[in-house]
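> Dropping a structure here in structure tokens format, bear with me for questions.
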Ligand SMILES: *Cc1c(COP(=O)(O)O)cnc(C)c1O
């Protein structure tokens, strides 16, 4: 069988070692004779998994005790609502958002249900082909929300604005892919299924001092403070997803951490973008300076080559290359676990199209 090169946008490729070890844990967890799937989440062995998963996040992010780490459910999509519930003031609540893609727009939609939202920067009118910059966010806002990487449109924020309010970021599709100063954020969230594990759990990292100020009676499952008090065990956590996420983060930490991942990610992105820029049969959609390291979106300049190109990449064992339905074309998602070798295979297929 041909080796599969998995460019899927999420859920996506994880380190082979993670698949192996999580498969072992399903059959026999820690030599206990029990499956990871049948033990109590309150058991000593699982509590240790949750504790270590939360601790490793803090180490990787280089954050201190003023931050709390949560493993929740409901995906990044539930965070679109949890953020305003916890941070937007009950009366006169007002937040600033940038609209940089489908997910950012989803976050805006939910926040509008709870208060006033000002969209302070948007690339919507230009099909989300760039990252808006140069805006000022004053202290009249409860918080500012941005999306670091726009998974569908292939744009990524290279820097984050200095704001006079809380800085909140959806990092679902580029978390742990590059070195950034995490301490500039007050709240970070990410669905695990793109760079830090399988689907089923969501990371939230929050600065404790910002909580408890919205004046809202927050439904228990949406209340960060309650989840913090219960150490992410208010209700039954998604034990398998948390365990596989721990394995993914251990793999990252044992292989040079975020700095090493960034180096690989830059090499992969350069490999594909250089070829697309050189090759007159292909083009990208977005502004060069805003191109994502994680999701390279591109198209054929001559649609009559589509059938031939599609057959060629499929024959090379490439999976998950079709662009999102809202953009079309192709999307090479190159998350941490995707080897450079897979990008080389894709680049060779691109080069061979005549
Ligand atoms: C995938 C994605 C989401 C949605 O995540 P779910 O966990 O499916 O809710 C939100 N934001 C970004 C940036 C994403 O890439």
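Each residue, glycine too, has its Cβ placed from N, Cα and C.
Take a look at what TrEMBL says about it:
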BINDING   42  L-glutamate binding site
BINDING   76, 77, 103, 151, 170, 193, 235, 236  pyridoxal 5'-phosphate binding site
DOMAIN    4-346  domain 'Aminotransferase class V'
MOD_RES   194  N6-(pyridoxal phosphate)lysine
> If the criterion is a C-beta within less than 6 angstroms of any ligand 1 atom, which of the binding-site residues 76, 103, 151, 170, 235, 236 pass it? List them in sequence order.
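With ligand 1 as the reference and 6 Å as the Cβ limit, the list reads 76, 103, 151, 170.
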> For the pyridoxal 5'-phosphate binding residues given in the record (76, 77, 103, 151, 170, 193, 235, 236), what is the largest pairwise C-alpha separation in angstrom?
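The widest Cα-Cα gap among those binding residues is 30 Å.
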> Check residue 170 (pyridoxal 5'-phosphate binding site) against DSSP and tell me helix, strand or coil, would you?
strand
> Hey, which of the binding-site residues 77, 151, 193, 236 is the loneliest by Cβ count within 10 Å?
236
> Which ones in the same chain are close to residue 194 (N6-(pyridoxal phosphate)lysine), with CB under 8 Å and 6+ residues apart in sequence?
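Set apart from residue 194 (N6-(pyridoxal phosphate)lysine) by at least 6 residues yet with Cβ under 8 Å, we have 9, 10, 11, 12, 151, 172, 173, 174, 175, 294, 333, 335.
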> Among all the protein chains here, how many other CB atoms are within 10 A of the CB of residue 76 (pyridoxal 5'-phosphate binding site)?
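Step by step: centre on the Cβ of residue 76 (pyridoxal 5'-phosphate binding site), count other Cβ atoms within 10 Å, giving 23.
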> These are the binding-site residues: 42, 103, 170, 235. Which one scores highest on other Cβ atoms within 10 Å?
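Per the Cβ count, the most surrounded site is 170.
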> Rounded to a whole number, how many Å is the Cα of residue 77 (pyridoxal 5'-phosphate binding site) away from the Cα of the residue listed as 'L-glutamate binding site'?
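Given the Cα positions, residue 77 (pyridoxal 5'-phosphate binding site) is 27 Å from the residue listed as 'L-glutamate binding site'.
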> Can you grab the distance from residue 103 (pyridoxal 5'-phosphate binding site) over to residue 42 (L-glutamate binding site)? Cα atoms, rounded to a whole Å.
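With the alpha carbons as reference points, the distance is 34 Å.
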> Fill in the CA-CA distance, residue 236 (pyridoxal 5'-phosphate binding site) to the residue listed as 'L-glutamate binding site', as an integer in Å.
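So the Cα of the residue listed as 'L-glutamate binding site' lies 9 Å away from that of residue 236 (pyridoxal 5'-phosphate binding site).
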> If I take the alpha carbons of residue 170 (pyridoxal 5'-phosphate binding site) and the residue listed as 'L-glutamate binding site', what is the distance between them in whole Å?
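Cα of residue 170 (pyridoxal 5'-phosphate binding site) to Cα of the residue listed as 'L-glutamate binding site' measures 30 Å after rounding.
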